[in-house]
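Sequence annotations record features per position, and here Swiss-Prot assigns active site to Arg669 based on similarity to another entry. Taken from Swiss-Prot, the feature domain 'Fe2OG dioxygenase' covers 564-678, and the record attributes it to sequence analysis. Positions annotated as N-linked glycosylation site by Swiss-Prot: Asn316, Asn467, Asn540. Look at Swiss-Prot and you will find 35-68 tagged as repeat 'TPR 1'. The feature repeat 'TPR 3' is assigned by Swiss-Prot to 205-238. The repeat 'TPR 4' feature in Swiss-Prot is assigned to 301-334. Annotation comment: Swiss-Prot describes 733-736 as motif 'Prevents secretion from ER'. Residues or ranges marked as signal peptide in Swiss-Prot: 1-22.
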Amino acid sequence: MAVRALKLLTTLLAVVAAASQAEVESEAGWGMVTPDLLFAEGTAAYARGDWPGVVLSMERALRSRAALRALRLRCRTQCAADFPWELDPDWSPSPAQASGAAALRDLSFFGGLLRRAACLRRCLGPPAAHSLSEEMELEFRKRSPYNYLQVAYFKINKLEKAVAAAHTFFVGNPEHMEMQQNLDYYQTMSGVKEADFKDLETQPHMQEFRLGVRLYSEEQPQEAVPHLEAALQEYFVAYEECRALCEGPYDYDGYNYLEYNADLFQAITDHYIQVLNCKQNCVTELASHPSREKPFEDFLPSHYNYLQFAYYNIGNYTQAVECAKTYLLFFPNDEVMNQNLAYYAAMLGEEHTRSIGPRESAKEYRQRSLLEKELLFFAYDVFGIPFVDPDSWTPEEVIPKRLQEKQKSERETAVRISQEIGNLMKEIETLVEEKTKESLDVSRLTREGGPLLYEGISLTMNSKLLNGSQRVVMDGVISDHECQELQRLTNVAATSGDGYRGQTSPHTPNEKFYGVTVFKALKLGQEGKVPLQSAHLYYNVTEKVRRIMESYFRLDTPLYFSYSHLVCRTAIEEVQAERKDDSHPVHVDNCILNAETLVCVKEPPAYTFRDYSAILYLNGDFDGGNFYFTELDAKTVTAEVQPQCGRAVGFSSGTENPHGVKAVTRGQRCAIALWFTLDPRHSERDRVQADDLVKMLFSPEEMDLSQEQPLDAQQGPPEPAQESLSGSESKPKDEL
């Protein structure tokens, strides 16, 4: 024991000597002027109109800050690798040594700590050389240097750099009206290209993620995958860098250091917990973008969610399973993802699906994060050091029971106060609503009651009878013969490929589905694999529904096809006995519905550009499959529609119309599902190709919409029938 203690003491003395030597060595190691001094020089040059001086100083300030950041990262990463926390797990003292064992363990721990500190001191240099005040750090975070630079570049006729600097500043300060005016001015100048408007401070992981999501939303999964995978790689790099930058000096929060009085272990605890808090908050920092008021929720897990869908859409089920299982690491009880996994198991086989595991990088990330959370919640419970968990996926068992009870009590108090305030506000709102509701309802009904255009079509239910707004049910849109012909088309076309591109989620394993898009049907007709006239009928019927929707809802802007397909769903008989799921759970077509909070977030992966939706039924000889509207809680059913040949349901795609489809429990349900947009930029590319193919294949006479003649456009609004569509009274992810 004496020999071991002597070795430790010798090591500690060597560390102290190395640290003092590092003081001398490092002073010459940092020769760059600090960012705050360079920023001050730049502002002074700006004040006297020295534009080249502004450019020189501000560019150097940005480079200096970047160099400091790189130095911290390099030093902390290298020293952590060279001097890890290592306690000898195999060393266990004998009973005779027990009295001194604890002291030796402490010396071993602090010996490693001192060695790493000496390494950092030698690598970083004097603390004063790389410290910025909180105010100066804020200036750089606000991208203030680019505000000065854009003016200076403009003054010295460096237009391309001026545009980039202005855009970079505006991305970080989207409310800055003067910079918006500058950018508008730059756009009018000759010689300015779209590529000049670039963000010089963009984070690679966020750039790749946003690009991947945009491609996914534009129904280009093949192109989206490499960007989403790159976003993951860049995320983990940025995450480790962010964590390393957290290992700075202790923040005393203003002048609290004057009263700070802690012993050795309390001081270590305070600083270490502050560092852990910072590391956990890297989740929020990396999920933030200046263009958004709030960070992306569940940012890292959402990567695997998008990838799972994208891999599914391109037919790579193995990768889809891996991403689904990785997502389930964070949300093991997610109903939709578990259904997706069951679907993949049915496609790939149970054994093969079991052999695919979640990604190791995500497993390690989750394990480390949970261990840190345990320490942070323990410190919150015992020492009262607050910790706000940035993740929604943290298991409840990580939080100490006493803290759970305390948080539950606080939440209940907050909810009670909120409810009391809400009740008062609701009483006021009710009084106002009662006075305006009747006039608004009359206005909406009058607005949406346009002509149905074609003979034989009858209005069955309007918004009032459907207990909502912007809703309609029509009968007689197509004939029985046309229903049968289109149903046959689906069954024949499916043998040449299901044509089902662009769906946002795998479907229930309790039903088989197959379908065909308009363009695919026409191509198969051109190749002689399906009757060409049937494919042409399909094309004409979709155009007919589009015109009816435009007319009935009295739209001032034309509707464009966003996505359309003819699809049949067949119940698998042997799995219907204990079935509890829907064909499609309740959702909203252009936003992500959170039924618990009654909020629908209009952002990808939702198809945010969709404005109106319609479904045209081809048959009713099956059990189940009823379409239903609900409130935002996804539980309160407001109306239900029973499918039958020629019946169409139309509605606006927003939060006013959450809807779902009940399970098909026997037989086959066939329908044409259509989504429309008012924005021509999101017009379906397949539809444009279909239009061109129809012009090539058919004469102008054959291209007429149908042999039916439109009714007089000046006719009065049709009157709805009064009976319930489902034959009974209405009782209180992305196909219709």
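Keep in mind that glycine also has a Cβ here, set from the backbone N, Cα and C atoms.
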Here the glycosylation sites are Asn316, Asn467, Asn540; the one whose Cβ sees the most other Cβ atoms within 10 Å is Asn540
Give me the CA-CA distance between Asn540 (N-linked glycosylation site) and the residue listed as 'active site', in Å, as a whole number. 21
Long-range environment of the repeat 'TPR 3' (205-238) - Cβ separation under 8 angstroms, sequence gap at least 6: 286, 289, 300, 303, 306-307, 309-311, 313-314, 361, 365, 501-502, 563, 604-605, 607-608
Rounded Cα-Cα span from Asn467 (N-linked glycosylation site) to Asn316 (N-linked glycosylation site), Å: 43
What whole-number Å value do you get for the CA-CA distance of Asn467 (N-linked glycosylation site) and Arg669 (active site)? 25
Give the sequence-ordered list of residues that share a chain with the residue listed as 'active site', lie 6 or more positions from it, and have CB atoms under 8 Å from its CB. Cys568, Arg569, Thr570, Ser583, Tyr617, Asn619, Phe622, Gly624, Gly625, Pro643
State the residues, same chain only, that lie 6 or more residues beyond the ends of the repeat 'TPR 4' (301-334) and have a CB under 8 A from a CB inside it; answer 'none' if no residue qualifies. 209, 212-213, 216, 221-222, 224-225, 228-229, 231-232, 235, 340-341, 344, 347-348, 353, 356-359, 362-363, 366, 391, 393, 501-506, 605
Report the DSSP secondary-structure composition of the repeat 'TPR 4' (301-334) as helix, strand and coil residue counts. 27 helix, 0 strand, 7 coil
